[in-house]
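Student: Got a structure for you, written out below as structure tokens; questions coming shortly.
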Amino acid sequence: MTSVYRHKTALKTDERVRLMDEIISGVRVIKMYAWEKPFSDLIKVARKAEIKNIKMTSYLRGIYMSFTLFTNRIALYSVLVAIVLMGGTLTADKVFVYASFFSVLGITMAGFFNRGVAELAETLVSIDRLQTSLLQAILGELPKASGSCVVNGKISYACQEPWVFGSTIRQNIVFGSTFNKTRYDEVLRVCALLPDMEQFPQRDLTLVGERGSSLSGGQKARVNLARAVYNDADVYLLDDPLSAVDTHVGKHLFDECINSYLKHKTRILVTHQLQYLTDVDSIGRSKQNQPVEEEEAITDDTIYLESHSKGESQSSTYMEYFKSGTNYFFIFLMAALFLLAQGAASLADYWASFWTIQEEMRNYYRSMDVNIVTLSKENLTAYQTDMGNSRSLIALLDLHSTEFCLYMYTGIILILTVLAGLRSYMFYKICVRCSERLHNNMFNSVIRTTMRFFDLNPSGRILNRFSKDIGCADELLTKSMMDAAQYMLTIAGSIVLAVVVNYLLIVLIIILGILLWFIRKVYLKTSINIKRLEGITKSPVFTHLNATLQGISTIRAYGAQSILKDEFDKHQDLHTSAYYMFITTSSAFGFSLDSLCFIYISLVTFSFLFLKEAMGGSVGLAITQSLLLIFFLQWGLRQTTEVANNMMSVERILEYKDLEEEPLLESTPDKTPSPEWPKEGRIMFQNTSLKYVETNPPVLKDLNISIQPKEKVGIVGRTGAGKSSLISALFRLARVEGTIRIDGVDTKDIGLQDLRSRISIIPQDPVLFSGTLRNNIDPFHEFSDCMLWSALEDVELKKYCVSSNGLDMKVTKGGSNFSVGQRQLICLARAILRNNKILMLDEATANVDPQTDALIQNTIRLKFAECTVLTVAHRLNTIMDSDKVLVMDAGRMVEFASPHNLLQNKNGHFYQMVQKTGKKMAEQLYQVSEVKEASNKQPVPGKQTPLSVASRSELFSPFMQAFCVARHTTSRAVAFCSIGRYKGDIKTKQIEKTYCIRLSTGPAWNNGSKPSDEHSLTRENKTLRARDVWQAKRRLGLAGHAQ
């Protein structure tokens, strides 16, 4: 049964640890969505299921430990009772041979065999787009269903989601290749990393943290690209490396790196930014999974150093452990039960010896044919001589009846059974409760701590606390504590009985105790630090394995399996060395204890030769009790040491109990905002600065910005300029100085739950969690199924979800069964459901294709027209129709105005960014800003409707020439976008599609005809009359730009 429950426990533990891994990986998103509570509930449910099985395993072990205390005594009791009832004679040679046999049998059957069985039991992509799949197929990561793929030469690969492992920037770029200073510096230049190196405290030797936690998204993308470029290969597979960088940086990478530095290499570039396609040799398009067309070598490895204490755990750690699950009264009661149970066990052994002596005396007297009651005084001397001393004779004259001895023995055995059961039950109940609360306290502390903690600590280290350390507290610690307590009390009972029988053994026991104390002290001094070292060296193994699995495609593409294997072997060898030292020290400790036990038993046996009054029962009791020391002394002292070692896990857990917490989640009653807050969406930054570390200079510096309700603001700037830090400040993910007001409410005055739940965000890296689609969209279960389906329909995922088990469709870890674009659309559905007045977009369309980009942009314009929208973007075309653009540089606001006004300043930052996108793209961006400016100035009764552009990525593509027209009536604004694709000669255009997007409702068209709702809401309309299109273009002065 134990193995069954251990197997169930292992499954539940795996589920909990997997969930914790997802939470740690997506903790930033969890905090920004204010989802701490639902994920805490998930962990509680998983932990509750795990604890349920742990309880059963613990109680079964408690029963087993109770059996080891009284089974051999019950067996001896049964034999003695059978002998007496059958008229046999109890003698010391029989009784203590039986006692010794049952002790050895109990240890072997209940101890070794049980552990052997337990140890034996313990040993017992859906892809939405073709581009990435094509590269994966070239790399050999996807199996070929048919055909063949032949690659001549060495491959270098830059993956779509940048893979950065926890080490220095240089090691991330060189990645096991031979270090060449000239080549390395040139790669830094072409990958636009030299300015970033100047900002880092140790330049390229700066540690970037696990998953590049200390780098911005653009910096990670360029390090990822630099690794591919530094690797001298024949074929370079570049999976959308330009999407996460600014336009001018992207142009630099394309011109200097891809087109210049790699010009003599074969390059396959996957990109959604079609302006770069003018310089390529051939273009492949895909749709619906089908191709449509054609210095010195670096030798010092930097590892994360985990702080650790030295020496044995303090007594306060033990008290902290027990106090987490109970109070002093129950701790005292549990200790009393242990003492009483051992007292009953020792009394049972003593009574067996006493009863044996009584029966031997009775039988001896009967053999002498003397009546004890009529014994005369003149025969006293003779009996005294025969029995050895006067005390024995007095005992002979005062013999208890056999029935009395039997009843007493029975009562002692019954009391022992009850006390042993109560002791085990209370101990395991308290320990399971302690473990449960330790886990809950640590989880609550981790989920409530600041983001700085996750930036400084690799996920492997945090996960190690929730896996190895909690597992140790759940089972290993309780097992070793029970073993240590029971065996040490058994040793104490054996010593007490030996002293009662032969008082001369006191001197021997004192000497033995001093030697044992000295040996244990030496062993503990070594083993505890080795155990700490073993735990510390295990964390890098987890971290390395996690990073390797994340970048497995990149590793295989570089053929760097051997490098990563060697690195893993280094970590594993380090851990194995520490574990081997722990095993060898344990073996040396055991050998020393065995030697002392041999000496002790020999001296006990020979000591009775010097006692003339020794009885056979007393000698047998002393020897059998001493024989127990061979097993119990060594195993008991080992278990006390194991308790100290396992208590290190509790110590490590307690380290995470008092982490620095974020401000309160819930607002105080007097500061709680109204349910409708924010009603308008006005945001004001007043002298706002932001620090990630108190001692470091601020990342955002003295910002003073006022964003009006319903304004659409684009935020641009070079990587590292502070764009993402602005989001951190708004969500209070770091230390904020100054004031941020939303609708006049200072965000410092309200709880984080109220603040973060009232702001929607679509992150750059969409995060999904394993479970169901319903739980990923609505973890609080606040919305009806009808509202969920409506949100999915708005993002055009309803049809896909209906065909895949609806809202209950399974979502795998990280949402790997969805494409990046689909995951982003699910994040958009979350924002639609929340319906907040403020929406943040953190480069939300950087990694998606133009069609998904267009869908996201249009959905945002339709669903969030009445909201304040802040968009952090690298693609300037996504923010050119914004009301204002905020330009950041080095943490400061350098420009803030409408795009059209910013472009009038030819020395401005924004103007320079637009110019670096290329001449043709700059012209198109300028035209969009003019159209936006014109639409803002044109009076429209009621409310002003911003111009919306369909399929924006296609609009600005050199290969997808677009023309925007707008038709304004008294209360209507409609935007048309005719998409033309070049065929053959660049001057020949063929109009493929005409997009019609209805932006507002109102009276009939100017010519008197009113289209149907179906017609006006249709995204693709091929029947729009050419005359209406031409008239609309002429109204905006664009008729001369297109045929």
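Positions of Cβ are set from backbone N, Cα and C atoms, glycine also.
Quick paste from TrEMBL:
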- 1-114: domain 'ABC transmembrane type-1' (DOMAIN)
- 62-89: transmembrane segment (TRANSMEM)
- 90-333: domain 'ABC transporter' (DOMAIN)
- 95-113: transmembrane segment (TRANSMEM)
- 328-352: transmembrane segment (TRANSMEM)
- 406-649: domain 'ABC transmembrane type-1' (DOMAIN)
- 406-428: transmembrane segment (TRANSMEM)
- 487-519: transmembrane segment (TRANSMEM)
- 578-611: transmembrane segment (TRANSMEM)
- 618-637: transmembrane segment (TRANSMEM)
- 683-915: domain 'ABC transporter' (DOMAIN)
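Describe the structural context of these features.
Tutor: Same-chain residues lying 6+ beyond the ends of the transmembrane segment (62-89) with a Cβ under 8 Å from its Cβ atoms: 2, 95, 98-99, 102-103, 105-107, 110-111, 114, 341, 345, 348-349, 352, 355, 359, 363, 402, 406, 409-410, 413, 416-417, 420-421, 423-425, 427-428, 482-483, 486.
For the domain 'ABC transporter' (90-333), the predicted model reports an average pLDDT of 68.
Within its own chain, the transmembrane segment (328-352) is flanked in space by residues 69-70, 73, 76-77, 80, 95, 99, 322, 405, 408-409, 412-413, 415-416, 419-420, 422-423, 426-427, 430, 485-486, 489-490, 492-494, 496-497, 500, 621, 624-625, which lie at least six positions past its ends and keep a Cβ under 8 Å from the stretch.
Only residues 6 or more beyond the boundaries of the transmembrane segment (487-519), in the same chain, are considered here, and those with a CB under 8 A from a CB of the stretch are 338-339, 342-343, 345-346, 349-350, 353, 589, 592-593, 596, 600, 603-604, 607-608, 610-611, 614, 618-619, 621-622, 625-626, 628-629, 632-633, 635-637, 639-640.
For the transmembrane segment (578-611), the list of distant contacts is 498, 502, 504-505, 508, 512, 515-516, 519-520, 523, 526-527, 530-531, 533-534, 537, 619, 622-623, 626-627, 629-630, 633-634, 637-638, 641: same-chain residues at least six beyond its ends, Cβ to Cβ under 8 Å.
Using a Cβ-Cβ cut-off under 8 Å and counting only residues 6 or more beyond its ends in the same chain, the transmembrane segment (618-637) has close neighbours at 92-93, 95-96, 99-100, 103, 107, 111, 349-350, 352-353, 356-357, 483-484, 487-488, 490-491, 493-494, 497-498, 501-502, 505, 516, 520, 589-590, 593-594, 596-598, 600-601, 604-605, 608.
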Student: So, by DSSP, how many helix, strand and coil residues make up the domain 'ABC transmembrane type-1' (1-114)?
Tutor: 103 helix, 0 strand, 11 coil
Student: Mind checking which residues of the chain, 6+ beyond the ends of the transmembrane segment (406-428), have their Cβ under 8 Å from one of its Cβ atoms?
Tutor: 55, 58-59, 61-63, 65-66, 69-70, 73-74, 77, 80-81, 84, 330, 333-334, 337-338, 340-341, 344-345, 347-348, 351-352, 355, 478, 481-482, 485
